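Taken verbatim from TrEMBL:
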DOMAIN    94-238  domain 'NACHT'
REPEAT    713-754  repeat 'WD'
REPEAT    756-790  repeat 'WD'
REPEAT    799-840  repeat 'WD'
REPEAT    977-1012  repeat 'WD'
REPEAT    1012-1054  repeat 'WD'
REPEAT    1056-1097  repeat 'WD'
REPEAT    1098-1139  repeat 'WD'
REPEAT    1141-1182  repeat 'WD'
REPEAT    1184-1219  repeat 'WD'
Amino acid sequence: MPFNQPGFNASANFGTYNDAAGDQTITTINGPVNVQTNVFNRDPNGREAVMRELENRLKPAYFDGDNRPECLENTRKDTLDSIYQWVDASGYPNVLLLIGAAGTGKSTIATTVAGEYQKREQLGCHMFFVRGRSHPGNVLQSIAYSLAVYNQSIAEYLVEKLRKSGDIGPSNLKTKFDVLLHNPLSAVATKVHHPVLIVLDALDECGTPELRRSLLHVLRDRLSSLPANFRILITSRPEEDIAPLISDPSSLTVTIDQHSHESKVNVYAYIKSKFNQMRSLGKLNVPDDCEWDDSLRTLAESADGLFIWASTAVRFVREERLSRSRCFRNLVSNAKSLKLDELYMTVLSHVSKWNEEDKTTLKNVFSLILFAKRPLSDTEIDEILDMDLGTTSNLLSYFRSLVRHERGQPITIYHTSFYDYLISCEGEPWNVDPELQRAYIASKCFERMRHLLKHNICDIPSSFALNSDVPDIDNRVTECIPPSLKYICCHWVHHLQDVSYSRELLSSLQSFVYTQLLFWFEVLSLTNTFNRQVGPTLLFSIEWVGDNDPELSSFLRDAYRQASTYSEPISKGMVQIYTSLLPLTKEESPISRHYERYAKEVFRVGYIGRKLRNDCIKTIQVQREYATAKFSLFSPDGTRILSNSDRGACVWDATSGELVAGPLLAEGDEGDAFSAAYLPDGRHIIVVSENRIIRNWDVLTNCLVWERAMGDFQIDSTSVESMAFSPDRKSVVFGDSQGRIRVWNVDTGEQDSKSLEGHSGYISCLSFSPDGKRLASGSRDATIVIWDMDKRGDKNRTLRKNTGEVTTIDFSPCGTNVVSGSSDGNILIWNAFMGEVLREIICKGEVNSVRYSPDGLSILAGGDEWMSLWNVADVVSAPKVFQVDRIIRQVSFSPDSSRFVSKGDSLYSSNDDEMIQIWDASWSVEETKSIFEEQGEIASISLSHSGKFIASASGGIYLWSVLTGKRVKRLELNSRVNSIVFSPINEKLVAFVSVDGTVQVWDVTNDEPITIGRHKSPVRSVVFSPTDGRYVASGSEDETICIWDVKRRKLAVSRLTGHAGIVRAVAYSPDGARLVSGSDDKTVRIWNSLTGRLLSTLTSHSSYVSSVAYSFDGLRIVSGSDDKTILVWDAQSGQIVCGPITGHEGGVSSVCFSPDGERILSGSRDKTACVWNAITGKPLFPPFSGHRDYVHSVCFFPNGRHFATGSLDGTVRIWTLDTIPNDTNWQLKNDNWVVGKNGKLMMWIPTDLHRYLCHHRNISVFNRSFYLKLHPDTE
């Protein structure tokens, strides 16, 4: 057979191969393929070690496939000779494609060729792909490994390079090809003096067209670059996605025509050989030789050159148990009228005495073979259909000519034409109605879960926090969770998606959700599939329910929320469903209230106050190496989130927060991506990077599909200010600093028509209408322009009303309105056609991002420390306000409008990890609105002399009742308060100092404070004179101390000067005669409070002194410093009598003595408080932890057994030194685990609850709407 000229087959008729309607596609990255290699040149001194290392690094695919048949002797001679000639001769391209329709014998030819070159020791690799069990993700690794087995030089080269480069998993496919194939083969080419054959058989069966798209692009572009002595034979059907390979001028094509004379001759030879073999073995008795030859010719003519017909006929007769001769005669007598469908009918009808039950069983078994989401074994099918074990195996023993079947192994049909026949043979007893049978499978999934799922399915004691802690966990899982149940738990929702809504299935889903949902959680956890399965399954089930059962949808949405929040512990420990999720969410979660009886409380969880639902579902901490995200957006199905980073685009799982793809970075790329968008299939993304390249990435395989250079247009961060994709992803538009908009064609990489010009300032934001016909642009010039994209360059309208830069813009889903946000803090809703303002919303600051929800009902916006959601139709009601403490850069909704994602930066440090947060947009304002307004960072606290009240200072002053924990008074101020103190004789009088330099006194029975003095700079500390409260001393950043007469509102003595730095702390001696101060000059100074004379200067600290205090007997002074130490001084001699006391890991911010003088209390920047022996300096207790930020202020209660702490985390906490009966000493670690003795994991607490949690010895929390206590379970 001669070679076709390049491109000869380009006009072939293409058809999409129906792989059981896509139902048996496996999406595991490392799916198996069959690999055959030559193994020689084995060197016992290191060869085996090298290959083991390569195997670990490359993870090649293996599969013990069927024995692959070869061509019969003297058949396919022309085709084989042509291929042999191509392999052996020089001057031909090194790629040959063997193309033919299904069933024409391509694989048999490929196996024959591979066998020939294996005999010659010239077979480098033979891979034969199996539909449903092969995946393109590891093809290159498998080829490389096979070639390494074949040639030791290749193996050594690969090991050396991989040791240097490390893991190639995240690399794009082009890079993998070069690293694994091009470079090593080029390096050894001169050492290989004969052709080496690589066979890729049935490439069209390597995954779906979508899955193999990336691989085909690389093979097309790069195979011909391999050294000429490496020859690549590829077999395939003429599928549409294979066409570029066929038409590529750098390859040859051999086409098998089933109707050709050669094909018919070869089919006859095959039939003759197989039936002669049966006859010679005595398995087929036909007396008349003449009739025999005629019979074989009849069968061959009926096959019409199609090998699948011939092989099915042969297997049909061979598998007949009772009378092969009669079966053969019947087949021959009907052969002339038997097309392939009729042959299938003959095989199926040959089994007699099928009763109705048998027919139903047959249809149900074949339905699972056809529609399962992965190939199932006979045992799995028996269990899913709840049949006696062996039923499927016995049934399929009658149909071995139609299906591949071995006991306990996955079952597949020989050819998808059989699938086509079963779903189209209406009226036949074995006809499979796809809609009915798919519904039956879905209902069967629910039925089996109803019978098999149960609470604590593996009988794991609750003392084991993690699955991995259970000594015999693998045995328990194997024994209690059969593969069929794991399959059902992973795929029931996919079978549900296969069918339309029905009341029957809704009822089954309701029963499952309300009785077994948490038991399903268990199975996913124990089989290590929780993070991968739970989120998509719940989201898809909500979509399937739709509006048919709002209560069920709400319940499922809550289940999704809890699964997302608690994915970390549940994925690692099944027990955490019952010991963490249920106890901690019982106050607000419908699912937890419903399943409350299953809670197993390591602690009795007590909520004091009104616990609110937290709007934030998941927080993804973006590590610095993946930081600087400009965008974050949902995938089309809502299960993934796409963001960019310095290292390329990243894809995150929206439920678990795990990085599932990326960073996607092409070779030589600078990393940062300006913009990106999902394609509708949800698998591919389009990314535009700074180096003017548009790329299409496959996010399942991390592979680059294609890339296009954008002409000579230089994209860089200094010129491009904004970017947007058209809805069809065919165009991308850029707005630059010169006020121009450029439109680029994604397919060609060229600028599409002229630039759009009309703004006088840089283009800050762009948005397409949903139909892509209009483009809205916002600019620094405070205008919005609506462009007609069908008439490039034409302005529809210019919108003017903003007074500041238009920072963000978005079209409504219906395309009639535009919403914009600006630096002037306004959101405007415009009629996009008329240009009139329909609504104006005034925000609390600059608007960084604004978006319409996809359902058009809501508008979401965010800025610096604020984010709000408005109802579009309701112009009266207040918006829903989300509590954020970051700069919200960008927001984006999920496709169903139920969630949104925000990207935020820290307000205070560029070194902090960035956050991507997922929020629930479905709850009402009432469900999450707090009637309690929390105070901000607590800079100072003070305890009244009776111990009944605590005052806390921040942007204002709050007065708290110690007994009830409730706020009893509030004073709003315009300036931040740095220090506060109660009068020692009148607890209705409070003195405070502010950053505005004022010293003020507030009578809490009034609403207005009185200013008694003023410094030139912010004031840091204040204290009342202890004996009569007549005077107030203040220390300031102006390096002075002032003593004020409260009644006269003037200085009592001249300003105290001497410090050479900020005065951070002042304190009176108990008799009021002396004043001690601490300063940034690292000194402690003692003053005569009546004259203002400096008495002594104490030096020993190595950093600024942040706090000072006298003991109650006046004999000692304690000082705390940012040098992390505490010193105790003799108040008379100035000598250090104790210290330095060390133990804090951060600077000491506040210190005080206990009333009896035996203890010292300290608060630190390390977020802890400590209690020390005032004589020895030894710690008396472990550090008191629980605050989430610096502890700025501490004070003892008069009884000396309790103390209070105030922190920048906004809380005031009350602690006890008394022993609490049955209390358990536990710690909350940074990874959210509560840890007890010996590091035992006890409970997992989500981050959002940390600031509400009472830790060990912490008895109450102020300035929170509620707080949480963990009581040891003593039962």
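Using the three backbone atoms N, Cα and C, a Cβ is placed for every residue, glycine included.
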Where else in the chain does the repeat 'WD' (713-754) make close Cβ contacts, counting only residues six or more beyond its ends and a cut-off under 8 Å?
672, 674-675, 677, 679, 686, 688-692, 694, 760-768, 770-772, 775, 777, 779, 781, 787, 789, 792-793
Residues of the parent chain within Cβ reach of the repeat 'WD' (977-1012), under 8 Å, 6 or more residues beyond its termini:
939-946, 948-949, 951-957, 959, 969, 971, 1018-1029, 1032, 1034, 1036, 1042, 1044-1046, 1049-1050
Are there residues at least six beyond either end of the repeat 'WD' (1141-1182) with Cβ under 8 Å to its Cβ atoms? List them, or say none.
1103, 1106-1113, 1116, 1118-1128, 1188-1196, 1198-1200, 1203, 1205, 1207, 1209, 1215, 1217, 1225, 1257
Chain residues outside the repeat 'WD' (1184-1219) and at least six past its termini with a C-beta under 8 angstroms from it:
934-943, 945-947, 950, 952, 954, 960, 962, 1146, 1149-1156, 1159, 1161-1165, 1167-1171, 1227-1228, 1250-1251, 1253-1264
For the repeat 'WD' (756-790), give the DSSP counts of helix residues, strand residues and coil residues.
0 helix, 20 strand, 15 coil
Arithmetic mean of per-residue pLDDT over the repeat 'WD' (713-754):
77
